[in-house]
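Per TrEMBL, the features are:
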TRANSMEM  50-71  transmembrane segment
DOMAIN    52-330  domain 'HTTM-like'
TRANSMEM  119-145  transmembrane segment
TRANSMEM  165-184  transmembrane segment
TRANSMEM  205-228  transmembrane segment
TRANSMEM  262-281  transmembrane segment
TRANSMEM  293-326  transmembrane segment
């Protein structure tokens, strides 16, 4: 056999060993990569609670949203939810299944008794204040959730999708720690050296998994809404924003509605822009620059809905959930800046009073 033939034969014999070695190296590298991903995931999930400030803001806005809705409807509470709404048949044959469940039947059972209904209404308002302040949150939130669902389902005709998102998020907040920052509970824990009932890793995991679930829920709402819109002629045609603003129910500020729809290209930009923003929202959360654009855009979108369409409580609920995507370091920086400005303003005010007294 010639030298060239022997060399070729040697290469062929060595090839299986080289391929096996490369495959083994690749398998080890892949296993190592998967292990690193697993360890990083475990560390993120178990080491500490994430987005504590963002969830605190969510808690505060949720409490204010509930309180605002209750206050704005207080004068018409009996007509909208109580005995005055009996004409629609909800008292005898409720549309929702919740009033038939004992746990959620409180408001339905007293809706024909004006005094009892008002007292329960006031209790719900007090609970909304306590949620906002973060006082005994782990005890208050379950009661607030049960009474809120009971209240909002007493008249199915006046609800909207904001109510659904609100109570879904309230349920998941049961497993998180939204009162760890900016709350009365936070101050009490700091003074008393508070410890969690559950082991710290389990408590951290429940909290962080709640963030994952809320992120998924918000993403589902935005993406499914975008896909649904894209399939409709008004949205694909670029004029969908115009239609609701011209109705009596949603065009609550006719002058503003006329201004917002006066220029056709702007209507088209708002219409298509909302679809693109909602569809891309989950992906835009992956990097800080795109996350800032996404949050500013989606919050402007909700402010527009709140003002132009008269849906403030729906918009506030969604904005509250969007705040979980703002990093804790950003909230701390904003809080430090606000505290510094407040101290400077107080010092300036004290200096003026002192100067006036000397004069």
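Glycine residues also receive a Cβ, built from the backbone N, Cα and C atoms like all the rest.
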**Fill in**
Taking the transmembrane segment (165-184) as reference, the highest number of CB pairs under 8 angstroms among 50-71, 119-145, 205-228, 262-281, 293-326 goes to 50-71
**Message:** Could you check whether the transmembrane segment (119-145) packs against the transmembrane segment (50-71) - three or more CB pairs closer than 8 Å, residues at least 6 apart in sequence?
**Reply:** yes
**Item:** Model confidence over the domain 'HTTM-like' (52-330) (mean pLDDT, whole number)
**Value:** 92
